[in-house]
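Shown next, in structure tokens, is the structure this report addresses.
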Amino acid sequence: MGAGHNHTPATAYASRMIPRMVCAATILAMFFVVELTTAWLINSIALLADAGHMLTDVVAVFMGLAAVILGRRGSSSPNRTYGWHRAEVFTAVANAALLIGVALFIVYEAIDRLREAPSVPGLPMIVVALAGLSANIVVALLLRSHADSSLAVKGAYMEVVADTVGSLGVLAAGVVTVTTSWPYADVVVAVLVALWVAPRAVSLARAALRILSESSPRHIDVDELRSALRAVYGVTEVHDLHVWTLAPGKDMATAHLTSSADSARVLHDARAVLSDRGLHHATVQIEHTAGIQECPDSCSDAVPAIG
């Protein structure tokens, strides 16, 4: 049993969103270069830490952009029947690894600088931090209106919002350095930024690896789902029940139901159970028990439940 899908709204959404994300990625990439260059010139580890976080913002926006573009293309190859949905997940793993690497490097470098903190001018830090805040605000405004329409876009938006914490930290370090000449302000802020980034990177990696291992989504209780399907009128057994996440926001399920009732009715009720739990992309196979009259030819014994 198939269902037609109207792709016009998705295409219109992508047409509006792609230019915004390209603009956002360009702004972030340009400012990353500025921040990294300034960090190297004035020997600021706090700016270097924020530049590392800014790089993850660039990756996050490109992830969102790729998800929107590839999602619009859909499945165009017989060898990739699911299309490119997993590209977002693989990129998330790379992004998390990059974040963790940057955080570890910053902490290592900060510990080394505690022995003898180098002189870091505060004024360039203030200027670059203010520019970074401005860039983050502009990008956040570009993405905010579409953040609720796509998990990939929402992830990029949240990364940009979170990066404002790093820019505020660099701004604070610059102000402290200018007003008190305390040599460790740069080091302290760098460590704080690293500690802010690391747990989020680990969480991102765990979420992505959970998807790649095809574990069941955290918000779905598989035992409860099995019980709910078994409670459907006419169902005598539930087996080969599998629930996994193809990509963020796209949960999948398959199930074999042994039934002593009409296939069409069992399928309808089973689809309702799955849909109530957000499983709109599911395939349900109905198998009749021995001695039960088969469904008429017009009723399929193996029908995909497609939302």
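Just so you know, glycine gets a Cβ as well, placed from its N, Cα and C.
A TrEMBL annotation is a machine prediction, not a hand-curated record.
Taken from TrEMBL, the feature transmembrane segment applies to 21-42 (among others).
The domain 'Cation efflux protein transmembrane' feature in TrEMBL is assigned to 24-212.
Long-range contacts of the transmembrane segment (54-71) within its own chain (CB-CB distance under 8 A, at least 6 residues past either end) are made by residues 10, 13-14, 17-18, 21-22, 24-25, 28-29, 31-32, 35, 83-85, 87-88, 91-92, 94-95, 98-99, 102, 132, 136, 139, 143, 150, 152-153, 155-156, 159-160, 163, 166, 197, 247. Here TrEMBL flags 54-71 (among others) as transmembrane segment.
Long-range contacts of the transmembrane segment (92-111) within the same chain, counting only residues at least 6 positions beyond its ends with a Cβ under 8 Å from a Cβ of the stretch, are 45, 48-49, 52-53, 55-56, 59-60, 63, 187, 190-191, 193-195, 197-198, 200-202, 204-205, 207-209, 212. Per TrEMBL, the feature transmembrane segment maps to 92-111 (among others).
Among the features that TrEMBL reports, transmembrane segment is placed at 123-143 (among others).
What TrEMBL records for 155-176 (among others) is transmembrane segment.
TrEMBL lists 182-202 (among others) with the feature transmembrane segment.
Per TrEMBL, the feature domain 'Cation efflux protein cytoplasmic' maps to 217-288.
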Give the nonlocal contacts of the transmembrane segment (182-202) in its own chain as ranges (CB under 8 Å, at least six residues past its ends).
44-46, 48-50, 52-53, 56, 95-96, 99-100, 102-104, 106-107, 109-110, 113-114, 117-120, 122, 125, 162, 165-166, 169-170, 172-173, 176
By DSSP assignment, list the helix, strand and coil residue numbers for the domain 'Cation efflux protein cytoplasmic' (217-288), in that order.
23 helix, 31 strand, 18 coil
Spatial neighbours of the transmembrane segment (123-143) far in sequence, C-beta under 8 Å, 6+ residues away:
20-21, 23-24, 27-28, 31, 34-35, 38, 41-42, 44, 46-47, 50, 54, 57, 61, 64, 153, 156-157, 160-161, 163-164, 166-168, 170-171, 173-175, 177-178, 186
